[in-house]
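Chemist: What TrEMBL lists as transmembrane segment is 27-49, 61-80, 100-122, 142-160, 206-225, 237-258, 270-289. According to TrEMBL, the domain 'G-protein coupled receptors family 1 profile' annotation covers 43-287.
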Amino acid sequence: SNPLWRNQTPVGEFLLAALSPTPQSQAALFALFLLIYISTLVGNTLIMATVSSDPHLRTPMYFLLGNLSFLDLCYSTVTAPKMLLDFLSERRSISYQACMAQLFFLHFVGAAEMFLLTVMAYDRYVAICKPLHYPSIMNRSLCSWLVAASWTGGFIHSTVQTILTMQLPFCGPNQVDNFFCDVPPVIKLACTDTYVVELLMVSNSGLISTSCFVILVASYATILVRIRSPEGRRKALSTCASHLTVVTLFFGPCIFIYARPFSIFSVDKLVSVLYNIITPMLNPLIYTLRNKEVKSAMRRLRTWGKSPLISLKHLQIP
């Protein structure tokens, strides 16, 4: 611990790193990421509207899918707007309070999504391995409780991360080695020894991401083992393929960032772009391209939208 930090001025703002050093590439990246963010907003909003409006999709799987789209939309919005503004600014600064708020909501929504993906894997396990008992097990009440538990778990996780970070003294330097405020690059700027805090945070974030990923892989392995016929396995793998893709794209980068000591690598910014910006856009594409029911419901939604007789009951949440 450094006893001199008490006599120094606390940091009032942080400077965020640029994704590219040249103005020409900054402009190109701004256009690219603006398109990605708009696609994320449109795609996830479309899935939420489709799931909530179509009576054919009022099942646990699509209820969970609608919640996943809402989390993806929120997750991208935590970092993308600020990143887009910074592409147009010469000085990429963020106040201490805004930095802590960004860090809190990033981990709140991110952890909630991890828990929700685990719930979705359980839903697929029950649907495939216990089809006769599926309606009674995955009833509306249980689905609501599981979604609420995912949000609660994310809130608790994020609160712990944020409190541990805010208790650290920051007195300079203030250059965050990423384009948003996250735990690993921020606590590296603390004017004290952060070994114990890093150990606690790795145990928290790293354990959550790794445990959820192991549970997900184990659930899909169990599904394939329980199904004897090759045809049944093929159908099960096809059903779960989209979920497996989402899991790999989301959990792989998270485990890489949070399940190791907080050493900063140059590749971290690219990995952060993948799970913060790219994955929330890919989720609606993956689910709609591989799901005939969702595509059919979207076509019906467009038909209803053209009709002047559209009823408000179509907009009810399932």
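Keep in mind that glycine also has a Cβ here, set from the backbone N, Cα and C atoms.
Note: TrEMBL annotation is automatic and uncurated.
Not measured: the values here are computed from a predicted model.
In the displayed structure, how are the listed features positioned relative to their neighbours?
Modeler: Only residues 6 or more beyond the boundaries of the transmembrane segment (27-49), in the same chain, are considered here, and those with a CB under 8 A from a CB of the stretch are 19-20, 65-66, 69-70, 72-73, 76, 80-81, 83-84, 87-88, 277-278, 280-281, 283-285, 287-288, 294, 298, 301.
Listed as Cβ neighbours of the transmembrane segment (142-160) (distance under 8 Å, sequence separation of 6 or more from its ends, same chain) are residues 60, 63-64, 67, 104-116, 119, 122, 204-205, 208.
Away from its own ends, the transmembrane segment (237-258) comes close to residues 110, 113-114, 117, 120-121, 124, 128, 182-184, 201-202, 205-206, 209-210, 212-213, 216-217, 220, 223-224, 268, 271-272, 274-275, 278-279, 282-283, 286-287, 290-291 of its chain (Cβ-Cβ under 8 Å, at least six residues beyond either end).
Counting same-chain residues at least six beyond the ends of the transmembrane segment (270-289), those with a Cβ under 8 angstroms from any Cβ of the stretch are 19, 33, 36-37, 39-40, 43-44, 46-47, 65, 68-69, 72-73, 75-76, 78-80, 83, 106, 178-180, 182, 242, 245-246, 249-250, 253-254, 256-257, 295, 298.
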